[in-house]
Amino acid sequence: MHILCTYYSNYNNKHPAGGYKKIFETVEELNEPLPATVTGRIPSFIKGSLLRLGPGLFEVGSEPFYHLFDGQALMHKFDFSNGQVTYFRKFVKTDAYVRAMTEKRVVITEFGTCAYPDPCKNIFSRFFTYFKGVEVTDNCLVNVYPIGEDFYAVTETNFITKVNVETLETLKKVRQRLTVNGSSAHRERRHGLQHRKLHGEGSLRLVKWQQTLPDKSDPIEKSKVVVQFPSAERFKPSYVHSFGMTENYFVFVETPVKIHLLKFLSAWSIRGSNYMDCFESDEEKGTWIHIARKHPGEYIDYKFRTAAMGLFHHINCYEDSGFIVVDLCAWKGFEFVYNYLWLANLRANWDEVKRNAMIAPQPEVRRYVLPLDPYREEQGKNLVCLPYTTATATMRADGTIWLEPEVLFSGPRQAFEFPQINYKMNNGKNYTYAYALGLNHFIPDRICKLNVKTKETWVWQEPDSYPSEPLFVQNPDGVDEDDGVLMTIVVSPGAQRPTFCLILNAKDLSEIARAEVDIMSPVTFHGMYKP
């Protein structure tokens with residue numbers, strides 16, 4: 001089922017039966033792959049694995065996890081070979097998971113769940129457990145990607161986990177040597193190099209590593225800091241989930257959502273806090289957008305500023321005629337969206353889910369345009385002269401360049417999130433199409449396509465079906481930007497085979513094939529297609 005429509009139409013915007021609650025429930029891992037029932041025809045160029053990560057364990061014994069980003073990491077895999085498909089999944093055996101399963105309780109504090117000392121210990125042992133400080137979680141439930149010839153499950157702390165993507169076995173816990181307090185869960189890649197943003201004291205560092213090294217040495221060990229971005233407040237860096245990159249520039253958006261490092265490093269070990277307690281936000285701080293040259297790595301001290309917003313995912317950035325065009329998935333205002341992703345909210349009845357979303361920040365796809373020569377016009381004049389956008393940039397008397405965005409898509413409580421593009425063809429370049437997971441009052445219930453030039457939208461949706469981030473796979477014989485397929489894992493709790501990998505034609509979101517298995521699956525966040 002698919003339709004070309006205005007995205008915010010009333011096309012099945014309701015879920016009164018509450019089937020979405022099932023995607024936030026614990027499941028078991030598998031001992032061996034399950035054969036899938038295939039409907040349609042798998043494209044001949046799909047001959048690899050779809051890898052996904054997300055939470056799979058939402059409680060330990062009698063102790064629940066409270067936030068969406070607390071559940072223990074579960075890796076999923078659909079394998080494709082000669083038209084045959086299998087499904088497999090395993091928990092990532094992190095320290096957080098192994099110790100929790102061994103002690104049958106939450107042992108390491110997660111994003112929104114605090115770990116307390118073992119109640120079986122005496123009062124003196126418990127006191128010293130608090131006093132020695134917090135253990136940083138290695139629960140890598142957010143993303144999976146290659147570094148060199150190896151694959152790693154990652155989250156937003158300074159630990160990543162090496163995994164075998166054939167067997168889904170956990171291999172090794174790795175501490176990133178150039179990070180201090182945390183890192184982004186996303187990377188940007190280009191020409192055999194990968195970049196990831198790391199949190200340091202009072203700044204954000206952008207680190208690069210080569211995909212392959214001549215001497216087969218570890219790329220992580222030889223990673224280098226490319227550039228360091230300043231933070232408006234030394235001990236309160238901005239929360240960063242992703243960043244932008246063009247052919248010649250890096251783009252970093254500093255939102256008003258801040259990580260209070262002093263709370264993070266000290267206070268919570270005494271009063272039993274969690275990561276969520278260490279965030280604060282202030283509307284008056286607004287949003288700063290920073291840029292840096294890639295070659296050499298050099299911060300450019302232009303003071304781009306705009307209204308307060310939240311940001312998790314960049315769509316794409318590119319250069320055009322002396323400007324950097326930045327497309328991103330924004331959330332209006334200064335409040336932290338994660339405040340609305342407590343599991344109690346997401347598992348509520350539909351009317352309550354809607355009420356929570358009504359007071360939350362509202363989503364919007366925005367285009368900002370940053371002039372690379374902001375001093376060529378007098379104050380008060382719009383510096384943007386690209387003919388295809390209404391975005392503006394204006395120099396102010398205090399030396400800041402105020403940015404107003406063009407809105408590419410906006411629908412009431414309908415988010416275009418977890419965006420994807422044809423990275424092989426258009427990463428860091430002028431482009432036309434973006435694909436995304438549609439969040440309906442925070443519930444994932446559709447796959448979307450957006451023409452960023454005309455603002456046309458396409459939607460795939462089925463009743464009581466909850467998809468995940470769509471991954472674009474280019475047709476090797478294709479010519480057009482959207483010659484390819486989208487791959488997503490969909491959960492349909494009421495179906496005979498409730499989990500399936502859906503393959504859509506990227507041109508019109510029509511269904512090409514699906515591979516169904518008779519097992520329930522929980523929500524997933526990010527992943528990759530491995531050819």
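Just so you know, glycine gets a Cβ as well, placed from its N, Cα and C.
TrEMBL does not curate its annotations; it predicts them automatically.
Here TrEMBL flags His186, His241, His313, His526 as Fe cation binding site.
Where TrEMBL records a feature, it is marked here on the structure.
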residue : record                 : Cβ within 10 Å
His241  : Fe cation binding site : 17
His313  : Fe cation binding site : 18
His526  : Fe cation binding site : 21
